[in-house]
Each structure stands twice: as structure tokens, then as C-alpha cells.
Amino acid sequence: MGNWIINHGLTYFILVVWMAINIFLFLWFYFFYDLGDQFFYTRHLLGSALAWARAPAAVLNFNCLLILLPVCRNLLSLIRGSFMCCGRSLRKQLDKNLSFHKLVAYMIALMTGEILSVLAAIERSYDNLSTALSNLDDTENTTYLNPIRTTNLIPTYFVFTTIAGLTGVVITLALILIITSSMEVIRRSYFEVFWYTHHLFVIFFAGLVFHGAGRIVRKQITTIPPHNFTFCQNRSDDWGQIPECPIPQFEGGFPQTWMWVIAPMFLYLCERLLRFIRYMQTVRYRRIVMRPSKVLELQLIKNGFKMEVGQYVFLNCPAISQLEWHPFTMTSAPEEEFFGVHIRSAGDWTDKLIDIMQKLPEGAQVGLLRFLRMGVDGPFGTASEDVFDYEVSMLVGAGIGVTPFASILKSIWYKFKESNPKLRTRKIYFYWLCRETHAFEWFADLLQVLEKEMEERGMGDFLTYKLYLTQWDQSHVNHVIIRSDEERDVVTGLKQKTHYGRPAWDKEFEQVRKENPTSVVGTFLCGPEALGKVLAKKCAKYSDVDPRKTKFYFNKENF
């Protein structure tokens, strides 16, 4: 239990607080509309549907306040920088921004579904009081209670001729498209569909703001002389005839949704403005290299650009798409005069970009800016920024997920070269899992340089790296067997031989704990969710509650 608290305690505390606020808002507004005297006559027309519709609407407002904040990347980077003096557990919560964004979206969908189900179940009553309330004279159309004034009104006509009805339809349709296109299978296979439909959030928020302008939910107001509903509810024929029962007056509730969402909408507008300013800044190509396994390396230069290890940028190529921005972790080090990314073929956008670059003649990057403009937004912080805050770090990359660790390992090389006294890290364990041998090639050169540098400085134990090949054929096996006696690995050319299969994580964690009995170990992953779940469990399993012994903190890259 103590190990679980070390890695997940603060995350679940935040979720409990969020859920508690949702429950509080639901109950508060439910009883407000279910017990409030000003809604007595409204409840008579709508029954329990009034409270059951307004309570989830309040929860929906609260979550619409939150939904944009986790995707304000510049705001999160600013907060991360402000939290550098705080504990790593607090900063680590910022890396779960997309998970929280999805959780809030699920709550919005749930509350919207609740409202729709309640509205669909409303049954109109036709007793004397209901008839009197629906037939109240109102020459100025301001003090009525029931917006449906006739019994033969078609509901569809009412929905499409009122502000509340029309905006409600728009909100619901936009939300359905946003959520269905966000499913994992669509997002990964048809990213463009996900990208474009997700921007229906503009229509969703516009509809949300104007939804309450019709003031369709109405309440009784105080009159002189006062209308006492407890005395007058059974005397509707006497309304306006006796002084004790004047005709009741009603007004629509003041629209509140805009007050919930105006601040996050303003922050997001500032976010997009900053992105546009960055997009307009000139980006120059320094070098373009096609790596094995159809991986494109871009080295770019942008005035005033400053980065930290493990950070990522969003790239936009107008020649491919004016609106699409895609995230890529930078593989360069902060000490270098450029920033670089490695782009793997993984969809229409990346395929088109790689295809354009492959057709370029040698040395064409100098004049490339004229017809292939590249927009850059960032850099943005990730969990990997904290790697040098740990004495010991475990870096785990899968496939192209090695990119943030390329930046980290390059930066370490520069720090050793410059004898940087601020380097706290004294041990790094690096694991890279790949399906094919070609994927190792572009990264092996860096590892060879580091290997040589550590040996020359007498620090051969500083970096322990293990490369795992998870798929191979018989011809490769035969090749390895024939050359098994060679000093260097036949795949990478490194002294450390390539492992075949997948790591035995229990054995690896046990070894790290044994070699670092009193250290705080940061475990960093850039790879699939399934591997993340495994490593998170191992971190909890092998962390010791005793503060004097080994503790593992799990960190995962999220885009």
C-alpha cells in the first residue's frame, strides 16, 4: 500500500477532489431546484425532471470550465517552470494532462446523456393548475411560466424554433462527433478525421454560451401583494380575483454558463494567439537526413529558440495541410545550435512529408524554405525534463520512442565534455526495445560516442544500456550464431551485445534496487500504454516505504 501511495497517491487525491466537487455541485443544484419555493409551480409542470436536468447541467458547466485547461500547452509549460522549486510528485501531475482531459470529457458526455434522457421522459400534466399556469395572460411575453402555450404544438417545431432547443441540438451533435472520432481506433488510423472533428469544440462552446439566452427555465418572482403558492395552488380560478392570490409572475433564470467558461476560453484564445505568432516566425532547414526504417531526421534553426532535454514541438507543413499540427519529441541537446526531430512514417501526414523529402536532390535544404515552409510551436515540457533531478534514472524507449532519450544522452555527453558541475545524475540505465535491426542504426553512433567517452574518463559504469530486438527471422539468427565470438555486437557495433526477446523487468528492477540501495530512481518511459502499465506496477512493487531505501518514481511521455 505504501509503495502505491508513493507513485499514485497524489494523482488519486486530485481525482477524489475533482469527483467530490462534481458530487457536491450535483447535490446542491438538485436540492436547490427540488426544494426551492420559487420553483414550486415549475416543478408542478415538469415534475422531478426539473431537478434531474438542472443538477447535471451544473456539473456539465464545471467540467466545461476544466476541459480546455489541460490542452493549453503553453500554460502547462509555464506552470511546470513555476513548480521547479516544488516536489516532483506535483510536477508529475502535469504529465497526465491528456488523461485528465479525457476524464473530464467522459463526465461531460455522461451529464449530457443524463439531461437528454430526462428531457425525453418528461410527461405533461393536464390538471386545472397546469392549465392555469400554461394559460396565464402575458401581453408582453415576459412573465409566463410555460413556453409551450398550446396543446397541439409539435415538439420538433419547438426544438428548432427556440434558442434553447436549437443550441441544444447543435451542442449534442457536436459532442457526439467529437467523442466518436476520438476513439483510439479512429485517432490512430484516421488522425485527420480526429483532428478536424475535434475542432467542433468551437461550435460546442458557442452553443453552450448562447444556450441559456432563451431563459427557458423560469421561476416565480415576488409580487406586491405576494402570491402564496401554499394557499393559492388549489384556487387557480380565483387568481387575480382575491387579494390573497394575485396572478403569479415569473422570470427566466439569468444565463450562467458563460460565467463558467469565459476564463478558460480567454486562456485558450491567448494560447492560440501565441501559437500563431510562433507559426509566423521563420524556421530554417540546417540538415535533412533519411535514416533506416523510413525515419526522417530534420535539423532546424529558429531565432530565439531555447529547449530543455526531452521536450517536444508541434510541426505544421502548410504544403501538406494548413491546419494539422503534429507533436514530435526533439532528439537534439540544449547545448547544440539547432533543434532536431526524428519522424517515423506513421500516417498520411508523415508519409507525405517523408515522400517530399525523399524526392529532394542532395543539398537542397538551403533553398527548401522557399516552397516548403515549416511552422514550429513549442517547445513544451514533458516528464523527461526531470531526468537530471534524480541520482539514478531508468530510461525505457520502444521503437521511435527512444527520441527523448537521444536528447538526454546527447546532453549528458556535452555535460561531461564541459565538466558541468551541476550534473547530479550518477547512474543511468537505458533500455531500448525494437522490432527490427535497422531501427538501431541511427542511434548506435551516439551510443558508441558515449561508450568511448565514459571509458576515457574512467566512468564506464555511468551508463548501462541494453538493446532488445523483439522480432527476428532465421537468417538473422544464423548470422548472429556465426559471428557470436566477435568482440562487438553484429547488429549495432557496440561492445554491449543485443538481447533477443523482451526484458525480464522483475530481474532488471531487482538489480537496480540492489545496486542503488538508498537512491531515488526515476523511471522514464516513451512507449506504448501496455508497457507503461507494466512499468508502473514494477515501480510500485520495488519501491520501499522506508525513506532511507530505494524508491522508484514512474514517469511517462504523453502526447
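Glycine residues also receive a Cβ, built from the backbone N, Cα and C atoms like all the rest.
Any TrEMBL annotation is an automated prediction that lacks curation.
Remember, predicted model here, so these are calculated numbers, not experimental data.
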Quick check on the annotations: TrEMBL lists transmembrane segment for one of 193-213, 424-444. Which range is it? 193-213
Transmembrane segment per TrEMBL sits at which of 157-181, 257-281? 157-181
Which stretch from 12-31, 51-72, 103-122, 193-213 shares the most C-beta pairs under 8 Å with the transmembrane segment (157-181)? 193-213
Can you break down the domain 'FAD-binding FR-type' (275-386) into helix, strand and coil residue counts using DSSP? 25 helix, 37 strand, 50 coil
Please indicate, using numbers and ranges, the residues of the same chain that are 6 or more beyond the transmembrane segment (51-72) and have a C-beta under 8 Å from a C-beta there. 21-22, 25-34, 43, 97-98, 100-101, 104-105, 107-108, 110-112, 114-115, 118-119, 201, 205, 208, 217, 256-257, 260-261, 263-265, 267-268, 271
